[in-house]
Amino acid sequence: MRKVVLITGASSGIGLALCGRLLAEDDDLHLCLACRNLSKAGAVRDALLASHPSAEVSIVQMDVSNLQSVVRGAEEVKRRFQRLDYLYLNAGIMPNPQLNLKAFFCGIFSRNVIHMFSTAEGLLTQNDKITADGFQEVFETNLFGHFILIRELEPLLCHSDNPSQLIWTSSRNAKKSNFSLEDIQHAKGQEPYSSSKYATDLLNVALNRNFNQKGLYSSVTCPGVVMTNLTYGILPPFVWTLLLPVIWLLRFFAHAFTVTPYNGAEALVWLFHQKPESLNPLTKYLSGTTGLGTNYVKGQKMDVDEDTAEKFYKTLLELEKQVRITIQKSDHHS
């Protein structure tokens, strides 16, 4: 029986590289690509099947920044499959990133320069906006849409006889100081991306606490500094091209500069091969690339408090109740 893998954000960047790498590891998989743009997803599916003709690749339309789209997409997944073996929660945004020049010039002459470039800590601010659902866009896209997706797909994911895995694309940029239980959407702050990724780490801990006994395990990863649409929003592609020699040099000191989506997907692929029961739920798995170009995975203990994680999880459950009432009313009117 083919293992079924659902990947959000599968049509570009890390998600696209992950698809190719998983099929290279096991072309007997059924990959389900959850994407907003059907034509783009179709082109990806055709390319994957051309290189891996024995695989099965399907598409479900889903926009994780739109909760009705998430629910509709999940219903379609439940119609097609009886179980999911892997759910890669990879889709994400960093809208309108602004470089903090003061922090940049202060940091570049400090002893923390390598850490600053590896994590972008304090370097980037973003201008968030409100979605049609009434949420902060970064919070809904990076975290809450995925949370609703997990809740919708629980019947396909929870099988104690044969565990399923949730695998998140988080970030080294996840900082405790940018998250607050009083403002989980980071509406009052300027670093919603960092906040959403720290929230991802918290949710990961809570999901393991609440679902391991049901056969569902969750892990978080960081792809490192990768050239994707996300980073091209910070600086134009030609600037990154000019910086590549410097980045390759930095690799000898900081292995977070994975650069390519293929390298960045290393931890995501590594987790595909692990027994989830053997993994530490308080560890984030980091993709790394050495100065000589060798890829590897390193575990890093997360700066998370389990009680805070549980409180955050309960807050999300309350938010979910409100959302379901709104969606039911909308469906009734339509």
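The backbone N, Cα and C atoms fix where each Cβ goes, and this holds for glycine too.
According to Swiss-Prot, the active site, proton acceptor annotation covers Tyr193. What Swiss-Prot records for Thr8, Gly9, Ala10, Ser11, Ser12, Gly13, Ile14, Gly15 is NAD(+) binding site. Marked as substrate binding site by Swiss-Prot: Ser171. Here Swiss-Prot flags Asn37, Asn178, Asn229 as N-linked glycosylation site. Sequence annotations record features per position, and here Swiss-Prot assigns topological domain 'Extracellular' to 1-229 based on sequence analysis. Look at Swiss-Prot and you will find 251-334 tagged as topological domain 'Cytoplasmic'. Residues or ranges marked as transmembrane segment in Swiss-Prot (evidence: sequence analysis): 230-250.
If you draw a 10 Å sphere around the CB of Ser12 (NAD(+) binding site), it holds 16 other CB atoms from the protein chains shown.
If you take the Cα of Ser12 (NAD(+) binding site) and the Cα of Asn37 (N-linked glycosylation site), they are about 11 angstrom apart, rounded to a whole number. In this model, the topological domain 'Cytoplasmic' (251-334) carries an average pLDDT of 92. Comparing Thr8 (NAD(+) binding site) with Asn37 (N-linked glycosylation site), their Cα atoms are 12 Å apart once rounded.
Here the recorded positions are Ser11, Asn37, Asn178; the one with the fewest Cβ atoms within 10 Å of its Cβ is Asn37. Under DSSP, Thr8 (NAD(+) binding site) is assigned to a strand (E or B) in the three-state scheme.
Other than Thr8, Gly9, Ala10, Ser11, Ser12, Gly13, Ile14, Gly15, the residues of this chain whose Cβ falls within 8 Å of the Cβ centroid of the NAD(+) site are, in sequence order, Ile7, Leu16, Leu18, Cys35, Asn90, Ala91. The recorded positions shown are Gly9, Gly13, Ile14, Tyr193; of these, the one with its CA atom nearest the CA of Asn37 (N-linked glycosylation site) is Gly9. Helix, strand and coil content of the topological domain 'Cytoplasmic' (251-334), in residues and according to DSSP, is 42 helix, 15 strand, 27 coil. Within 10 Å of the C-beta of Ala10 (NAD(+) binding site) there are 29 other C-beta atoms, taking all protein chains into account. For Gly9 (NAD(+) binding site), the number of other Cβ atoms no farther than 10 Å from its own Cβ, over all displayed protein chains, is 25. Each residue contributes its Cα atom, and for Gly9 (NAD(+) binding site) and Ser171 (substrate binding site) those atoms are 16 Å apart. It is 15 Å from the Cα atom of Gly13 (NAD(+) binding site) to that of Ser171 (substrate binding site). Between the residue listed as 'active site, proton acceptor' and Ala10 (NAD(+) binding site), the C-alpha separation comes to 20 Å.
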